[in-house]
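Taking it in order: structure first as structure tokens, then the write-up.
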Amino acid sequence: MEFRRRAKQSQLKCNLGFSTDGSEGGYNASTTKGPTGSDATQERVREEVSLLGRSASFSGSGILLRWPWQQRVSMAAGLFLAGLLAVTQAWCVNAIHENLLWFSQLTEVEREISFRTECGLYYSYYKQMLQASSIKEGLLELIHDNMTESRRTINLLQRMNIYQEVFLSVLYRLLPIQPYLEPVYFYIYTVFSLQAVYVIGLYLTAWLLSGSWLAGTLTGVWYILNRVDTTRVEFTISLRENWSLPFFALQVAAITCYLRPQLGALQQKVMVWLMYVTTFCFCLMWQFNQFILLVQALVIYSLDCADLLTTTQVTTLYLVQVSGLLTVWLLQFCNSMILGSLVLSFIVAALFIRHYHSGLKTGGLLVRLGKVLFHSAAVLLLTVIINFLTKKVLQLRSDEHIFKFIKSKFALGSTRDFDAGLYLCEEAFGLLPLDTLERLAGTLLLYPYMLTVLLLCGTLAVAALQNLSSPGGGLVEEKRGAAERRVEAFRPDVAYNLLHTVLYGILAFSTMRMKYIWTGHMCAVAAYGVCGTEVWTLVLRVLRCNTKVLLRLFRYAVPLLIFCWLYYKFWPKLMEELSELREFYDPDTVELMTWISTKTPKQAVFAGSMQLLAGIKLCTGRVLTNHPHYEDKVLRERTRQVYQVYARRSPEDVYDILRAVGADYVVLENSICYERRHRRGCRLRDLLDLANGHVMDGPGDNDPDLVPAAHQRFCEAIKTDAAAYTALFTRAFQNKTFYVYRLKKKRKKSTKTSSEPHPPQ
């Protein structure tokens with residue numbers, strides 16, 4: 001027995017790092033050190049570390065290879081495959097982007113127009129930094145910007161997450177690549193390269209969980225084949241999520257490694273620093289970071305309540321989140337939106353209640369369940385109080401539109417709030433379409449994922465109940481024994497990734513745009529289920545044939561069969577997609593941008609839709625009245641007022657509104673004025689009518705309190721060239737899609753017929 005115990009100990013020590021034979025094992029035991037404690041305790045803890053509390057010799061995850069050169073070859077093979085899949089993904093999205101637009105043959109204005117909606121706004125700051133006379137001058141222009149919002153000087157580095165554009169522009173200036181690579185290619189190649197980083201992060205997560213680089217390979221293949229649902233980078237290059245999610249994937253991989261039971265003290269410190277750096281980069285590049293980190297904080301809190309993490313691990317993970325957010329807060333010139341974030345309030349509340357409610361993990365099952373409920377209620381209440389007081393003190397209203405959207409999305413009944421309506425009526429913010437699941441099932445991703453999640457959720461529930469049933473407190477030896485039982489019951493790294501995928505899956509189902517956070521990690525979890533030992537051990541145990549030979553057979557045979565089927569089914573389709581050639585074609589927008597650049601003053605102020613104005617900013621450099629970056633209360637109100645050009649308002653009202661924001665020209669779009677893309681009640685003109693208390697166009701019911709408008713719809717009536725409109729506006733440009741009107745400097749006196757409020761200057 002003593003000989004067998006020593007053999008198992010050596011097997012488990014080698015399970016610290018990645019596998020070394022392509023499926024099993026780890027680093028040589030002589031290169032690692034366990035956590036401090038008595039040797040006997042370490043032996044007992046390491047003796048059984050598998051998810052199900054069984055000997056690792058039966059799990060197949062801790063078998064030490066006989067020859068060191070085999071370990072090195074296997075490690076090299078795993079890393080090589082990770083790099084190969086990463087480069088493949090980056091090449092694929094670049095090729096698809098080129099094929100969709102024929103990007104290399106486009107003129108400069110056509111390339112810039114291809115950066116649609118807010119993408120154009122973000123890219124314009126990269127272009128602005130390159131056009132500045134010096135790096136210092138460019139930074140000063142961003143800090144004191146008066147071109148993005150007319151009659152307002154704003155700090156763009158504080159308001160927007162554009163440090164990546166600043167960094168790239170500085171790098172492009174310093175590197176000797178200007179003669180060989182155009183600025184736009186340097187930008188898009190960088191974003192596509194981050195897709196390679198994303199694949200590597202997912203690959204490492206699957207490898208760490210399963211102990212097999214075969215799982216990482218399957219993860220990368222699934223990610224590439226499910227490109228429609230895992231990324232949209234090829235046609236929305238500049239979106240903040242395309243910059244930040246790769247670092248989020250690396251952060252999850254670092255957390256997974258940090259929570260491994262065998263990690264030594266030095267390795268834990270390295271992982272903590274990696275978690276901090278990746279969290280910081282993720283937060284710096286996306287304004288919605290607080291909501292993503294809030295879900296992650298809830299995962300950590302749940303694991304803490306289930307007694308699956310130590311106090312040190314919980315505190316460290318919380319502090320990593322806080323330190324990353326506060327570093328970004330400093331870089332963004334003390335952006336108050338970060339201090340008022342829910343995640344910061346939640347972490348402060350959780351740590352405070354945990355400190356003063358130290359008896360949470362004592363007592364029997366019913367007592368501890370009651371304490372957990374009381375503890376959670378106290379944390380929730382304190383979170384609301386802290387967040388409310390913080391926003392009151394800071395007078396923070398930047399993110400209230402997000403809460404309006406959430407409230408409207410999950411509350412019963414409809415809403416007439418304009419900001420909430422803009423979000424609710426967009427498909428990206430609706431529920432996840434069922435055809436997404438059909439596509440995921442078509443690549444054999446959904447089935448192993450669901451089986452893995454269901455089996456592990458049941459096992460996790462049993463492990464959590466066992467932990468809550470075990471006595472807490474007491475002597476040091478008792479606490480040490482409880483720690484051993486936790487290790488035997490459920491691996492904390494597996495538990496974290498399980499709750500991670502479940503909660504982000506719920507988020508994806510509720511809001512389709514968030515599916516890109518879930519589907520990538522979904523590939524890693526499914527690959528872990530196929531290539532790991534835990535799920536197969538459960539299945540084989542139910543079938544009463546849990547042997548080492550069958551376990552190894554299924555771990556290798558099933559992934560290889562999946563690879564063969566995917567190759568047969570999807571390789572021809574992928575080659576066909578990569579060879580399909582299209583061409584960018586938008587002559588009306590090109591004509592508009594050319595006219596603005598050549599026929600209007602450089603300091604002219606343009607009003608219009610948020611999406612179009614972002615393109616005008618990029619292509620022409622003209623001053624805007626509003627733009628798509630919606631995280632500002634004043635800007636949201638200004639946007640609602642400018643959009644009155646699509647409402648039923650008098651020409652005098654519209655003229656006064658546009659003059660109040662300093663507009664010289666207004667651009668009207670037929671696609672908005674006569675919109676048919678959305679259903680009735682979700683067209684922009686309908687949202688404006690509801691907000692103004694007017695009945696909507698077309699057949700259908702209206703609320704009884706809505707009244708008919710006293711005026712025609714402005715965007716239609718102005719085209720009639722009636723005297724009331726020509727006295728205030730002059731048509732300066734038109735084509736099949738756009739109408740541009742110049743506001744006259746002087747106008748005749750007229751009596752205002754509308755009592756609706758006008759925007760302040």
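Just so it is clear, glycine is given a Cβ too, placed from its N, Cα and C backbone atoms.
Cβ atoms under 8 Å from those of the transmembrane segment (207-225) belong to residues 15, 18-19, 22-26, 61-62, 74, 77-78, 81-82, 85-86, 88-89, 92, 198-199, 253, 256-257, 260, 443, 445, 493-494, 497, 520, 523-528, 530-533, 555-556, 559, 562-563, 566, 570, 574 of the same chain, restricted to positions at least 6 beyond its ends. As annotated by TrEMBL, transmembrane segment applies to 207-225 (among others).
Long-range neighbours of the transmembrane segment (273-301) within the same chain, counting only residues 6 or more positions beyond its ends whose Cβ lies under 8 Å from a Cβ of the stretch, are 160-161, 163-164, 240-241, 243-245, 247-248, 250-251, 254-255, 258, 309, 314, 317-318, 320-321, 323-325, 327-328, 331, 337-338, 341-344, 346-347, 350, 379, 402, 496, 499-500, 503-504, 507, 517, 629, 631. Residues or ranges marked as transmembrane segment by TrEMBL: 273-301 (among others).
Listed by sequence, the residues of this chain that lie at least six past the ends of the transmembrane segment (313-331) yet keep a Cβ under 8 A from its Cβ atoms are 157, 163, 255, 258-259, 272, 275-276, 279-280, 282-284, 289-290, 293, 296-297, 300, 303-304, 338-339, 341, 343-344, 347, 350-351, 354, 492. The transmembrane segment annotation in TrEMBL covers 313-331 (among others).
The transmembrane segment annotation in TrEMBL covers 338-357 (among others).
Long-range Cβ contacts of the transmembrane segment (369-389) within its own chain (Cβ-Cβ under 8 Å, at least 6 residues beyond either end) map to 301, 305, 340, 342, 345-346, 348-350, 352-354, 357, 359-360, 363, 468. Under the heading transmembrane segment, TrEMBL lists 369-389 (among others).
Taking Cβ pairs closer than 8 Å, the transmembrane segment (444-465) reaches residues 51-52, 222, 226, 306-308, 365, 437, 489-490, 494-495, 498-499, 501-502, 522-523, 525-530, 534-535, 538-539, 562, 565-566 in its own chain, all 6 or more past its ends. Look at TrEMBL and you will find 444-465 (among others) tagged as transmembrane segment.
According to TrEMBL, the feature transmembrane segment maps to 524-543 (among others).
Summarising the annotation, TrEMBL assigns transmembrane segment to 549-568 (among others).
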